[in-house]
Amino acid sequence: MKRISQDCQSGLPDNCAVKQQQLPAYRLQLSANKILSGFFATGVFCLGVGVILLLSAKTIKEVEINYTEKCANCAKLRENAANFDKECNCSIPFFLPETMKGNVYMYYKLYGFYQNLYRYILSRSNSQLVGTDVKDVRNCAPFKTSHNGIPIAPCGAIANSMFNDTIILSYNLNSSIHIKVPMIRSGITWWTDKYVKFQNPSFQNLSSAFAGTTKPPNWPKPVYELDEEDPGNNGFINDDFIVWMRTAAFPTFKKLYRRLHRIEHFTEGLPAGSYSFNITYNFPVNRFRGEKAVVLSTLTWSGGSSLFLGLAYVVTGAVTWLAFFSMLAVHLRLKERKTFFLQQ
Amino acid sequence: MLPLVAVLTIIAIKDGLEDYRKYKLDKQINNLVTKVYSRKEKKYVDRCWKDVTVGDFIRLSCNEVIPADMVLLFSTDPDGICHIETSGLDGESNLKQRQVVRGYTEQDSEVDPEKFSSRIECESPNNDLNRFRGFLEHSNKERVGLSKENLLLRGCTIRNTEAVMGIVVYAGHETKAMLNNSGPRYKRSNLERRANTDVLCCVLLLVIMCLTGALGHGIWLSRYENIPFFNIPEPDGHVISPVLGGFYMFWTMIILLQVLIPISLYVSIEIVKLGQIYFIQSDVDFYNEKMDSTVQCRALNITEDLGQIQYLFSDKTGTLTENKMVFRRCSVAGFDYCHEENAKRLESYQEAASEDEDSPDTPSGSLSNMAKPRAASCRMVRNGPLGSVSSDHLTGSCFALGSGEGASEVPHSRQAAFSSPMETDVVPDTRLLDKFSQITPQLFTPLDETIPDPPLETLYIIDFFIALAICNTVVVSAPNQPRQKIGLSSLHGMPIKSLEEIKSLFQRLSVRRSSSPSLASGKEPSSGVPNAFVSRLSLFSRMKPASPVEEEMSQTSKSPQGSGNSACPIETEKQDGNVGVTNGKVESLPGQPLASSLCYEAESPDEAALVYAARAYQCTLQSRTPEQVMVDFAALGPLTFQLLHILPFDSVRKRMSVVVRHPISNQVVVYTKGADSVIMELLSAASPDGPGLEKQQTMLREKTQQHLDAYTKRGLRTLCVAKRVMSDTEYAEWLRNHFLAETSIDNREELLLESAMRLENKLTLLGATGIEDRLQEGVPESIEALHKAGIKIWMLTGDKQETAVNIAYACKLLEPDDKLFILNTESKNACEMLMDTILKELQKKNPASPEQASSEALHQPPAAPDSGLRAGLIINGRTLEFALQESLQRQFLELAARCHAVVCCRATPLQKSEVVKLVRSHLRVMTLAIGDGANDVSMIQVADVGIGISGQEGMQAVMASDFAISQFKHLSKLLLVHGHWCYTRLSNMILYFFYKNVAYVNLLFWYQFFCGFSGTSMTDYWVLIFFNLLFTSAPPVIYGVLEKDVSAETLMRLPELYRNGQKSEAYLPLTFWITLLDAFYQSLVCFFVPYYTYQGSDIDIFTFGNPLNTAALFIILLHLVIESKSLTWIHMLVIVGSILSYFFFALVFGAMCVTCNPPSNPYWIMQEHMLDPVFYLVCVLTTCVALLPRFIYRVLQGSLFPSPILRAKHFDRLPAEERTEALKKWKEAGKMDQLTSKYSDHSAVKSERIPISDPSAVFAVMSATSCAVEQGNLSVCETALDSDYSENKASGMAGPSKD
């Protein structure tokens, strides 16, 4: 008979909280007080953060000089592809009204350059860049090989279109003394890029490492001769190259070019005064109706000079407070009505 | 591609499993075995059902299911009758008689299939269960007509007939049962269909977005006069034109944005449904201890349809009722005996029965005659004065012995086929028993002498119970008789002979023992259950083959069984007379256990209930033959009534009569039993016994009428019992006329009716009975709740109109003050006209309450104002046939939609399914069909949701159903709670899925504006895949399975909340578009906040994508948190797990992937960002701004314009006491609304109600228009229609005359 009683229980479902859907549940219907205080707190937080961000963005000094038009003659020269080996220099003087304190970074900025086109960003060979196989050019169409079939290193459209203007900043102490502002090339890339993602093929001699490859069509020099001053900055681990290879998210972008070496006059940063950019104009922007500029900027913890984030926080905080007040009004009115109802 | 394959595979596997289950079941039925005659082996051999073909001879034994439609050629019954139970076909559980084909009746021996040379011709297979035409042509060209009386239908069960033989005329799919089965329909849930259209919307959206992309790319390209060097030319060097570029871009964009189409939605829906089903099945509330079963979800894909049901179609028998007729009370001679003990017993029955079954010590509890100890003991005490003190104990011990050998199973299972102990055991009323004790044989024995008349009341009581016992067509049998017969036949090969032998043998024995109920006991000892007689029987059977004397003794077996049977009682009666009254009393001791083990099989369960009631008062129907009825009346001993005539029940007369010769008074007595309205009219105006009695009769009549009204009010089925004493001359005269009527050829029916009228008048009222067709537990409450939930309930039954209406009242489908419209016409025109009239009537009412009409008009065009005037529609099968014709469909539907409840009686299975189909397809509503028998199968299959009740009537309904429950009452929780949950959960989840996909994919789309529409994604490819597949897939599934907007308790208490699902409020097209709009907004925020933050900076593509992804993840998950109404630790776990898995993946991927996955190369991006405060600031701001509007909306909605659901949800948060308080308040508020409207309606109705002066006049009108507006026991609900009739008399008469 025990068997029967067991049988009787066999169909009985488990009576536990999970199976009976009786789990204790936290219901997100908050009380008015909680919601109101929540909104208030959020408003305070947003306003606070917004103000801090705005203040910190205010401390940033930034100078941007667009030299597309200023070097019009060079631009014209570059429109004709036949003149590719002709050098064109252009000097742009400017006046810095205030000292730029702290670390100063020099960027080049491109307008209307779509570095984020789908096929463009595909056109690179990561395995080549990491140094494992210099001749791996599979993904690099249409810049895989030269006309005679020699693999290009670094291959691909990104590398081929590398920004190749040279920008030199000089400080004009007075009309006669022009001091070349000391700039550091290193440290402008992500550490991981420089030491992990981009590696030269392991050969003693760089040029032999790149033997059997050819330079990209647009490049005047092969990759192992990118930096004539610092032999350690050649090949795939060239900082400018690495920076360029990190494709920008938007068609208007700036890329870090140099940072101020804070020695001599420049220990405090860039002192106020007149400066000039000496630019070797190579990169043609007129072909895609683009523009280029050079940017000097300081940085804070909150990034660049954009006021947007701070403003957005302030606006959000304001909206939250607005919501808070309107909800408070609604709540008070409802409460009034409720008590009225109860008194009846 | 991969997700699509996965989706299809999962769905295929699931459907495959379902199909396999069906296949196995089919196989099981196909391989059932039956005895088919094999010409090769010249004997009956076992063969599978699937191998039965037309022309096969099949031999079936009692309780076997008929495998194919066959013409009955032979029955062991001497009259050539075979009893079948058709519950599998039409749900009626009473027995029906089928006749052996004329010409074969006379043959005693079985038809030899070898010699069968006739030709059978019959109509082609059709689905009409009530028609069969054909003929059987003998070799001598003589033709014998075949009718449905000769046809045994597949799916029926042979009952009470030992063995039958027939020839198959329709087999397999051609059988009427199968043709009535319209076949399964592939069910697709409503919500999923809605979701599919919205998926199409998404496709449209995708195309628009892709077109935008293509156009944008073309324009972008054409902006450049010469090709910029960042735009890469084709591999062959030339550059494509902007138009072609745009064209290519279109397809690129489709590949990029295809995530917008939520393919994973389908997988998630399937998973969620499985989860929902798991929870439904593990709900303890659905557990039925008695059957050890819980709810079974057989269809896996329509759970949410449970939450949207608008129309419910219910079977009556076995679904609403237990199909157990129970004697409740009676009124004899103007006194009401309310049988309180009996009522108590019935109330406590459920638990007690289950206790009995569980308890190992009383296996006899399963036997019919052993009531539970409580009942037995109380009966014992009461039986005391009657002399048969320990009858129950005797039986009990007898069977306890037997069950020791494990044989108790068999009688029990057989018992279930007839009547359960609940019906058979009646606890007598104490007052009535007291009066019984006054009955002594002395009252009658010296009848001729001039002893003062016994008190009239006592006479009435005696007559009343005799009428109950004999005025019927009940067949008496021992419970396990057929089983015994089979056993014997295997012994001797000649079953009938040997049985007769036993009978005759036993007669001798009974003479010796002078035991009056010997016939019954003669069958008893041979049963499988050993009892006191077993040893004796075994002696006989051993004796038999050896004794030639027995052959002589069995001469009676040659004559029809009836006379053979009667031989015994007559003999014993004589002895009784000799021995005296005391003998009779003594005999009742051993006789009683046997009597109570008798089984009564009646054509209608009411009759059986009455006979059982009579038995409880020691007035036991012992045997019945065509000539005689033997009743064992406690104090008077056995009485044998010579049966002179039976006027069977018919629906026109609504009564039946028996004419008997009373054994004591030797007078001819007519006992009549029938509907109260009819009997009351036939009572004699002037009593033959003098004016004093006349007065008494009038009083009695009034009192009884009061009792009857009370019975009706309690939902009991009432019957009046009356008698008439005729003089021999009177009877002789009537008989002559009746004979003339019977033999006349022209309008025989009418003459017979007249003849019956002549007999059944000048009746003396004896009393009335109230029988309860026991509703299943909790049915009225469930129906009430479902009504409140806005579900329209139709009752579709094959049963009689009176019964159906009675039950409708009992289960609160109809309320006493409902207006009732009855559609019962003989012609289509009349039907149309009647519907017109009713419609006008209803329309007249409706404008009176315009505010309700407007509030309710949202449902569907012909919405019924169900809070205002409640109207019920009764329609019978024949009229239904007209109404289902195409020309009347619209009208019928409009009418039905205006009615609050509809009852269809006498409906065939096919009609049931047609009604469901009609309502489903024309009113475009969600339908649910619930039933328990094979006759409900087609209805269950046609409805959107089919529910089977696993009951007594086999498993066909369950097999065809989508959900199987064990009791009707579970339906309310299944719909109100689980249906609501499933629907809200799933619709919210689907909406959430659309939102999720649109919100995320749009990020990619917005980016296209900044990359020249070149199809770049700023997200790593793997993150893109995993975002939908891993990081955001589990939370919505959990949400879909576990979300609980309102607690089960509140949902049950407030059925009104169900309307939310009916109106699809959770998932309206508008909701979908609002959701999409919100998704667009959120994606805009999620894209442009980071965009403006990083604009002009040196950020690269994938570093820009990282905060976007992170913010999107938080937005999407927190959106879910805002949307879900309840969060359990499972939710928390899954959400936190999702976030962690995202970061884990991003970090690990960022650390490991140096060169993999070009072009994105996510190397060290996440690590870099984790150290950047701007990243956090961006994510926080984005998440806040994106979710703020929805959050504010939800907050304001909660306090400013809460929906009922939200208000109910609020209740759940209150502590228990406050909650009940609040619920009460709510209900009162709701009632106030209803009441105000109801009152206005009431007054309207009352003013319309015209008192009916002359019912017969109304009847005349009704017959004139050939539509009967029934009054009967529905006197409360005469409708204003009646008055309409008298007004429209002229037009009504004109109606039918037109055709």
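We count from 1, first residue shown onward.
Just so it is clear, glycine is given a Cβ too, placed from its N, Cα and C backbone atoms.
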Problem - TrEMBL annotation (region 'Disordered') - matching range among B:348-370, B:693-715 - result: B:348-370
Exercise for the section: Please report the number of other Cβ atoms within 10 Å of the Cβ of B:Asp315 (ATP binding site). Expected result: 31
Exercise for the section: Can you see whether DSSP assigns B:Arg906 (ATP binding site) to helix, strand or coil? Expected result: coil
Exercise for the section: Grab the same-chain neighbours of the transmembrane segment (B:195-220) for me: Cβ-Cβ under 8 Å, and only residues 6 or more beyond its ends, written as numbers and ranges. Expected result: 242-243, 245-247, 249-254, 257-258, 260-262, 265, 269, 990, 994, 997-998, 1005, 1008-1009, 1012-1015, 1072, 1076
Handout entry: Long-range neighbours of the transmembrane segment (B:1174-1193), counting only residues six or more past its ends (CB under 8 A)
Key = 1078, 1081-1082, 1085-1086, 1089-1090, 1093, 1106-1107, 1110-1111, 1114-1115, 1118-1119, 1122
Problem - Local backbone state of B:Asp315 (ATP binding site), from DSSP in three classes - result: strand
Practice task
Give, as a single whole number between 0 and 100, the mean pLDDT over the domain 'P-type ATPase C-terminal' (B:958-1203).
Solution key: 90
Problem - Span of B:Asp315, B:Lys316, B:Thr317, B:Glu607, B:Phe649, B:Lys673, B:Arg717, B:Thr797, B:Gly798, B:Asp799, B:Arg906, B:Lys912, B:Asn935, B:Asp936 around ATP - largest C-alpha separation, Å - result: 32
Exercise for the section: Check the transmembrane segment (B:990-1009) against each of B:248-269, B:1021-1042, B:1067-1092, B:1129-1154 and return whichever range has the most CB pairs under 8 Å. Expected result: B:1067-1092
Fill in the blank from the handout: Contact count check, CB pairs under 8 angstroms to the transmembrane segment (B:1021-1042), set B:248-269, B:1067-1092, B:1129-1154; argmax is B:1129-1154
Problem - Most crowded position, judged by CB atoms within 10 A, among B:Thr317, B:Asn935 as binding-site residues - result: B:Asn935
Exercise for the section: Could you tally the C-beta atoms, other than its own, that fall within 10 angstroms of the C-beta of B:Arg717 (ATP binding site)? Expected result: 22
